[in-house]
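Undergrad: Please find one structure pasted underneath; my questions will follow.
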Amino acid sequence: MSTLDATRAELGLVVLYLNKAEARDKICRAIQYGSKFISNGQPGTAQDVDRSTTLARKVFRLLKWVNDLHGLISPPAKGTPLTLVLLGKSKNALLSTFLFLDQFVWLGRTGIYKNKERTDRIVRISLYCWMASSVCAGLVELGELKRLSKSMRKLARELRDTDKYENDQYKSKMKQSDERLLALVKAAMDVVVAVGLLQLSPKKITPRVTGAFGFVTSLISCYQQLPSRAPAIKVKA
């Protein structure tokens, strides 16, 4: 019975994960960039999958720009330095603009909006917004990591007579540090993906490089969307 309960709990986590629109979008993103890596920009089945998945993902993002607009007008966390607040708000504004413009890209790619030249221009503007938002996100994570490192050193001094790795507060800060470091890596790699999509350095950042970086960041995003596990309850025999 305990095995059945454990299986049910695991399946429940899978259902919870797949019910999240953001998680499904990131799975599709992994397929998109995986196909781009395989195709390397050459015509064929992989490129067709890349293009169709790219278009399908835009439906997931309709009106998603409202999320970052809400973040833009929300008050910052108490005690956050002004520099990090401004970078965070810039990230929200740029990402919201990217997602807003992406709706017009979808209209153009589906043929509803007929002006191809203007659609291509909107694509580039939106990608520049995404690249800039990724730069801001990376700088925010760097700043937060610096603040976190400082607070961890202070806490370590306070706990010098005990094992700091057994302290819940210190373990929580270590977990936050790992999460922010992963977010920093993702933001840096997203900048490379944006450069590849904009073809700013086509000789160095080829479609295959873009696909590889995009696939890795997609896996990171999928991991970040995983639901937290409830602590295991020991059952007496």
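Note that Cβ sites are derived from N, Cα and C of the backbone, with glycine treated the same way.
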Undergrad: Look up transmembrane segment in Swiss-Prot and report which of 53-71, 129-147, 205-223 it refers to.
TA: 205-223
Undergrad: So which range, 9-29, 93-113, gets flagged transmembrane segment in Swiss-Prot?
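TA: Matching range for transmembrane segment: 93-113.
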Undergrad: What does the DSSP secondary structure composition of the topological domain 'Lumenal' (114-204) look like, as residue counts for helix, strand and coil?
TA: 77 helix, 0 strand, 14 coil
